[in-house]
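Colleague: Take a look at this one; I'll ask things after.
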Amino acid sequence: MELPVCFYEERLRQQETEIKSLAAEIERLKNCGFVSETPSLEGLREENAKLKYRLNILRKSLLEEKKKSSKSMININAQIQEIFGTAIGAAYPELQNAPLAVTPSQQPKFGDYQCNSAMAITQMLKAMNQKVSPREIADKIVKNIPTNELVEKVDIAGPGFINVHLHKDFTSKQISKLLVNGVQPPVIWERKKVVVDFSSPNIAKEMHVGHLRSTVIGDSICRLFEFVGHDVLRLNHLGDWGTQFGMLIAHLQDKFPDYLTVSPPIGDLQSFYKESKKRFDEDEEFKKRAYQCVVQLQNKTPNFIQAWNLICDVSRKEFQKIYDCLDISIIDRGESFYQDRMIGVVKEFEEKGLVQVDEGRKVVFPPGCSVPLTIVKSDGGFTYDTSDLAALKQRLQEEKADMIIYVIDSGQAIHMQNVFSAGRMIGWYDPKVTRIEHAGFGVVLGEDKKKFKTRSGDTVRLIDLLDEGLKRSMEKLKDKGRDKVLTAEELLAAQTSVAFGCIKYADLSHNRMNDYIFSFDKMLDDRGNTAAYLLYAYTRIRSIARLANISDEDLHKAAKETEIILEHEKEWKLSKCILRFPEILQKILDDLLLHTLCDYLYELATTFTEFYDNCYCVEKDRQTGQIVKVNMSRLLLCDATAAVMAKGFDILGIKPVQKM
């Protein structure tokens with residue numbers, strides 16, 4: 001939850017007070033020159049230097065925070081909550097943790113925001129044997145609202161709903177600030193180290209449609225946390241270790257005996273994997289050799305490590321093709337990275353008396369978990385449980401993570417909760433201090449509402465899905481005649497923007513907790529809540545000023561000089577929608593549900609359409625088509641809308657184009 005602005009301002013005030021105090025202390029120390037012959041003089045000089053150093057640091061910090069605060073977008077909802085929190089505290093000081101319920105109003109007649117706390121406070125007072133109606137409570141809250149620049153007026157409706165009407169002057173100035181400074185993130189109280197574990201395919205297997213969700217959702221979460229200013233580590237927890245590498249190395253030795261000196265031409269690693277698996281299942285001698293290869297690999301025998309690296313490199317190159325298509329940045333850190341750390345993890349659990357032996361296995365029962373974690377198999381080998389525990393410990397203790405987010409399918413929910421619980425039990429982290437969360441997601445379904453498969457029943461390869469998206473998006477653009485008006489370069493840019501944008505948006509626009517139906521026809525439809533509709537809307541908005549011969553430089557200059565007029569109801573509605581962007585982002589930072597951003601962008605686009613249909617931005621002579629009037633205030637509202645949409649697209653990993 002973002003801290004209210006009052007806390008931030010109080011922090012600045014405290015810093016300013018401390019600066020004055022430190023300055024006075026330095027002055028006092030300067031006046032102590034007469035004690036030069038005493039032994040304490042050197043100590044006083046040292047203290048003086050420390051105070052000066054601290055003073056300079058504080059001044060620099062203060063200037064940076066003021067500069068950042070002045071440019072940042074304001075979370076209006078949070079500020080209204082702060083105002084009403086103050087009012088409720090003044091009206092009912094005896095209440096601890098009084099409920100704060102502030103939401104945007106659904107209808108203009110109920111103002112711009114509503115505070116619905118009175119009903120809940122009635123119940124709290126009733127429990128204290130005080131019988132007061134919600135309307136009386138609302139009235140008392142209203143009388144205690146502090147002076148502020150946001151709220152123009154309030155009125156009480158129904159049983160005790162408080163309708164909040166914003167100052168148009170305040171809203172106008174916030175739009176101007178956005179236009180001058182660009183779309184800036186809301187101020188965060190503390191920059192944190194955030195580790196996001198996502199994508200995570202297995203070496204020697206192709207990425208399939210199931211990897212799409214983790215990859216797209218994880219990337220978008222990273223983009224959001226990066227935008228607001230956190231230090232994000234994007235990790236690809238590759239499946240690059242295990243017994244399957246024994247059969248792959250044995251097959252490599254047979255098929256490419258000179259692999260140590262000549263790079264083997266493994267064109268299709270999936271087929272290579274299937275061939276080795278077939279031999280492993282059918283040939284006992286091959287199976288024995290495969291197990292021997294596993295032992296050699298675990299002992300880190302150089303030739304076997306080289307073979308393992310060759311196989312991993314082939315896979316990584318194939319994965320990178322997909323990451324390049326989807327514009328995904330990620331650091332590979334597979335299970336192999338944690339192998340040497342697993343021994344220490346097992347030892348730590350044993351030393352703390354947390355290990356039980358079950359049929360030769362070493363298991364751990366985390367609190368509240370009925371299924372144990374197996375940290376050592378009966379044959380002495382480690383498991384995925386051991387690997388995940390080692391990864392958790394490394395991220396907490398070596399990476400110093402303040403937050404770890406695992407973007408893994410919901411089928412792993414019990415396993416992830418067991419791992420987290422074990423981490424708490426052994427004392428690696430305190431959930432009150434460190435946020436560790438499983439951002440689970442449902443499966444991708446075909447239009448038959450069954451798991452998405454090819455006609456032959458195979459899992460859909462992700463690269464094939466992306467290629468099909470490119471093909472269909474080009475067909476869609478040609479159906480609209482865009483190949484006749486766009487240059488070859490513009491057409492190619494539009495094709496990739498629509499193809500990959502639609503695939504990502506179709507996923508992100510659904511609540512990640514639910515399964516979703518994959519349909520190219522629906523995602524490429526330019527009507528409704530789709531990327532196609534939003535991308536077309538964006539290019540249309542961007543073209544308004546261009547067709548009026550107004551350059552970006554003209555708009556930027558006008559933003560500093562032009563007052564934003566919000567007299568028409570559609571101007572007012574659009575401005576409020578634009579300024580809700582920070583509160584939308586804050587909600588997603590809290591719950592990691594990205595469909596909220598998609599819903600907001602769709603609402604913004606449809607609200608803009610209402611505005612554009614009712615408010616002339618550029619007036620032309622009906623006979624000649626010549627421009628007779630440009631409403632710069634409205635053009636700036638267009639520009640602000642496009643700027644917020646562009647930043648929303650960026651967080652979703654979608655690349656809009658200027659022409660489509």
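Cβ from N, Cα, C; glycine included.
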Colleague: Between 529-543, 589-603, I'd like to know which one Swiss-Prot lists as region 'Interaction with tRNA'.
Modeller: 529-543
Colleague: Which candidate from GLN184, GLN397, GLN412 does Swiss-Prot annotate alongside SER200, PRO201, ASN202, HIS211, TYR384, ASP388 at the L-arginine binding site?
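Modeller: It is GLN412, as the record lists it for that site.
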Colleague: Over all pairs within SER200, PRO201, ASN202, HIS211, TYR384, ASP388, GLN412, the annotated L-arginine binders, what is the largest Cα to Cα distance, rounded to whole Å?
Modeller: 19
Colleague: Counting by DSSP secondary structure, give me helix, strand and coil numbers for the region 'Interaction with tRNA' (529-543).
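Modeller: So the counts come to 13 helix, 0 strand, 2 coil.
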Colleague: Taking only same-chain residues 6+ apart in sequence, whose CB is under 8 Å from that of TYR384 (L-arginine binding site), what do you get?
Modeller: GLU335
Colleague: If you draw a 10 Å sphere on the Cβ of SER200 (L-arginine binding site), how many other Cβ atoms land inside?
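Modeller: There are 22 such Cβ atoms around SER200 (L-arginine binding site).
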